[in-house]
Amino acid sequence: MLNKQQIRHCLDTFEEMFPEAECELTHSNPFELLVAVVLSAQATDALVNKVTPQLFEKYKKPEDYIAVPLEELQNDIKRIGLYRNKAKNIKKLSETLVEKFNGEVPPTKKELESLAGVGRKTANVVASVAFDEPAIAVDTHVERVSKRLAFCRWKDSVLEVEKTLMRKIPVEEWSVTHHRMIFFGRYHCKAQRPNCEECPLLFLCREGQKRMKKKEKSQ
Ligand code: SF4
């Protein structure tokens, strides 16, 4: 696994490559962010951003989602995968927000995780983006980049990846690193065709070196 100095170099490289990295889900308040993050499970941010402008125009507060029939909400989000369950969860979490949190999105990860359809990753994103809480949400990009770059072990679970990153990255850099790693994974170290040839981290990435050797052999 990479040592402290090598990880520092990776973090600095992420910053150089993606200094403006931020949450790409369109939202204008914590409630919209929460709904968008719930919708984004196993869906791309780009697709969610196509659906949410009309959705947020129609539904402005939790009470609006509570009042609408389930089938109508499902129909409004049916372009997004798992829409049946997501609609159920959005209605349920809206009820909890009204009953327990005065209609507001709670700021702590623990409270967020008590909401329907909100797991650790979603809670981390909302706490970090909406409330500036230090957090590292491990999505598919963060997990892949962490493993390819040997920040952690290949066999680590998502929770172990998160804990390792929290241990190895200074707390004040958790949130920004999370966004930069997502951008690095989304636009550079892609799942199918990582751009190893032009990667400034190739010299310390065994996965990238392996891929390059394989490519050379096949040419
Ligand atoms: S060398 Fe390749 S696998 Fe390694 S971090 Fe760069 S793009 Fe990703």
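Including glycine, each Cβ sits where the backbone N, Cα and C put it.
Copied over from TrEMBL:
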DOMAIN    39-187  domain 'HhH-GPD'
BINDING   C189, C196, C199, C205  [4Fe-4S] cluster binding site
CB-centroid shell, 8 A cutoff, [4Fe-4S] cluster site C189, C196, C199, C205, site residues removed: R148, L149, H188, P194, N195, L201, L202, E207, G208, R211
Among C196, C199, C205, which are binding-site residues, the residue with the most C-beta atoms within 10 angstroms of its C-beta: C205
Tally of DSSP helical, extended and coil residues in the domain 'HhH-GPD' (39-187): 101 helix, 0 strand, 48 coil
Spatial neighbours of C189 ([4Fe-4S] cluster binding site) that are distant in sequence (at least 6 apart) but have CB under 8 A: R144, V145, R148, N195, C199
Per-region confidence, the domain 'HhH-GPD' (39-187) (mean pLDDT, whole number): 97
